[in-house]
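Shown next, in structure tokens, is the structure this report addresses.
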Amino acid sequence: MNWLTPELIEILVAVLKAIVILLAVVVCGALLSFVERRLLGWWQDRYGPNRVGPFGMFQIAADMIKMFFKEDWTPPFADRFIFVLAPMIAFAAMLMAFAIIPITPTWGVADLNIGILFFFAMAGLSVYAVLFAGWSSNNKFALLGSLRASAQTISYEVFLALALMGVVAQVGSFNMRDIVDYQAQNLWFIIPQFFGFCTFFIAGVAVTHRHPFDQPEAEQELADGYHIEYAGMKWGMFFVGEYVGIVTISALLVTLFFGGWHGPFGLLPQIPFFWFALKTAFFIMIFILLRASIPRPRYDQVMAFSWKFCLPLTLINLLVTGALVLAAAQ
């Protein structure tokens, strides 16, 4: 097998790693539905799903079978091509955003020098999915939900980007591995960039349209918003894409502010995946806890909060960080 050169083997191993990691992220996103319902039931002092399998563990399998056999219906008044394209973009954008996150020193999909910029590009692409879904459905509730979503996402993506500029200024690189290595030799960025972390976390919740920033799909006001005409696997792609977004934002918080795969104080460096998974699971639980504990504000309050609170806080954090970096360089 002379054609099996070392270069080809290296490419095949890299492709296999990418497939395994992305499939694992999709499976985690699907399983989060069950985890969320069990945790919400626990926190709200009720049972939650407990009928299908031991402790309700097969509930997600039952849901997937039900979703698979539902009618894949497209409204006759919809723009069919864009209607079908929207959930694909929503799912693919969040999955591709995870590709730049290093899980361990040797495991990751892509090691890009412009990793953070690639994440911003994928986050911006997800806005098109929501707009396409609302416009192509030819439904007033879907259109209102998509307009809300686009305005909210574009607003909070400004702070999502600005919150990370303090980290980039200190490290001097957009590469995610460089950021993790910097934190291994210095303080985790949760301490010097605490305000940047707070803003990034708030913006991350808003960009994923999670409670309390789930205005685009507010059931009481918009009858599920831009999802209203979707059913079956198309709705399932939106559904899983939202949970993949939670996993992606949680993993980014760990990578950018909590040392990535490193344990606290250099503890047990032999198990990098354990530390990464543990910290990511913690932030996923925080996402779920927000749904269980915080009421949904009005849409105007959400937008006012973004521009009147998040923007000044982010700019002050960026100015102070820039001044300190310049002072240290002189």
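Even glycines carry a Cβ here, placed using N, Cα and C.
The model shown is predicted, which means the values in this text are computed figures rather than measured ones.
Taken from Swiss-Prot, the feature transmembrane segment applies to 11-31 (among others), supported by sequence analysis. When Cβ-Cβ distances below 8 Å are used as the criterion, the transmembrane segment (11-31) is approached by residues 60, 64, 95, 98-99, 103, 107-110, 240-241, 243-244, 246-248 of the same chain, each at least six residues removed from its ends.
According to Swiss-Prot, the transmembrane segment annotation covers 81-101 (among others). Same-chain residues lying 6+ beyond the ends of the transmembrane segment (81-101) with a Cβ under 8 Å from its Cβ atoms: 18, 21-22, 25-26, 74-75, 108-110, 112, 115-116, 118-119, 122-123, 125-126, 128-130, 132-133, 135-137, 176, 229-230, 234-235, 237-238, 240-242, 244-245, 247-248, 251-252, 255.
The annotation transmembrane segment is assigned in Swiss-Prot to 114-134 (among others).
Positions annotated as transmembrane segment by Swiss-Prot: 154-174 (among others).
Marked as transmembrane segment by Swiss-Prot: 187-207 (among others).
Positions annotated as transmembrane segment by Swiss-Prot, on the basis of sequence analysis: 238-258 (among others).
According to Swiss-Prot, the feature transmembrane segment maps to 270-290 (among others), an assignment based on sequence analysis. Remote same-chain residues near the transmembrane segment (270-290) are listed as 32, 35-36, 39-40, 43, 103-105, 107, 205, 208, 210-212, 246-247, 249-251, 253-254, 258-263 (criterion: CB distance under 8 Å, separation of at least six residues from the stretch ends).
Among the features that Swiss-Prot reports, transmembrane segment is placed at 309-329 (among others). Residues 156, 158-159, 162-163, 165-166, 169-170, 192-193, 195-196, 198-199, 202-203 of the same chain sit 6 or more residues outside the transmembrane segment (309-329) yet have a Cβ under 8 Å from a Cβ within it.
Against the transmembrane segment (154-174), stretch 187-207 has more CB pairs under 8 A than any other of 114-134, 187-207, 238-258.
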